[in-house]
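As structure tokens, the structure follows; a few thoughts come after it.
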Amino acid sequence: MAFASDESASPWSSTRLAALNAQFEPHGPKAILNWATHTFGDDLAQGTGFGPSGIVIMHMLADLRPGTTVFYLDTDLLFPETYELCDDLDERLDVDVTRVHGGLSLDEQAEQEGEELWNRNPNRCCFLRKVKPLRNFLDDRRAWITGVRRDQSERRADTDILSWEGQYGVFKINPLANWTQKEVWKYLFEHDLPYNPKHDQGYPSLGCVPCTEPVDQADGYSREGRWSDRDKTECGLHTSPEDEDGAHAAES
């Protein structure tokens, strides 16, 4: 399927974005990614935490445009299994896996902010170790691919396939927005792709070790177990500055 491709205006009008979203909705993620790679070329990058959705997209990108940049935000607090999976996927798939780090060590953060900031002010911790590094990395990009899906949480239920992210100055592409968790796992198994073994140990979603716990029984959302003792569901990467109790106001 060939979609309209005109990259002269940035950001594009809301009317144009709505029209493209309407075009994308009935088509599969590979068609959307094909449009994205042809439209944005080297100015495109996928961000992933190596969850099932991200791995599906990595596999598709390796086929559509080998060498595409796939980056992950290394907070220094990821599970050992996540780092191992990263290395495995880097060897298996023809994409350019890139580590993004904010440059602030955990010791330096403790000196500046106090010990275990993630327990006292998780929004501030997420800003320093995730949001700020992401902003810096995307500064010279035009488009960012994510694995966000509508069925992951109530907050994500209205996710568009294509949107303009003003806080980062890029177009955000969610090719799996209308896929279900079942479809994602079906794709993984059909293509014999690896996944994080922690998913078999009661972890629906994996982030940083201190802020992620297993759950006894999931309620259908794949982001359960994140900040389970708090009224917090997002790290701030996919929310506006006004969301999450002013998560991004934590930068001040």
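All positions are counted from 1 along the displayed chain.
The backbone N, Cα and C atoms fix where each Cβ goes, glycine too.
According to Swiss-Prot, the protein carries these features:
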ACT_SITE  C235  active site, nucleophile
BINDING   C125, C126, C208, C211  [4Fe-4S] cluster binding site
COMPBIAS  221-235  compositional bias 'Basic and acidic residues'
REGION    219-252  region 'Disordered'
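Annotation note: C208 ([4Fe-4S] cluster binding site) sits in a strand segment as assigned by DSSP.
Counted over every protein chain shown, other Cβ atoms within 10 Å are most numerous around C126 among the binding-site residues C125, C126, C208, C211.
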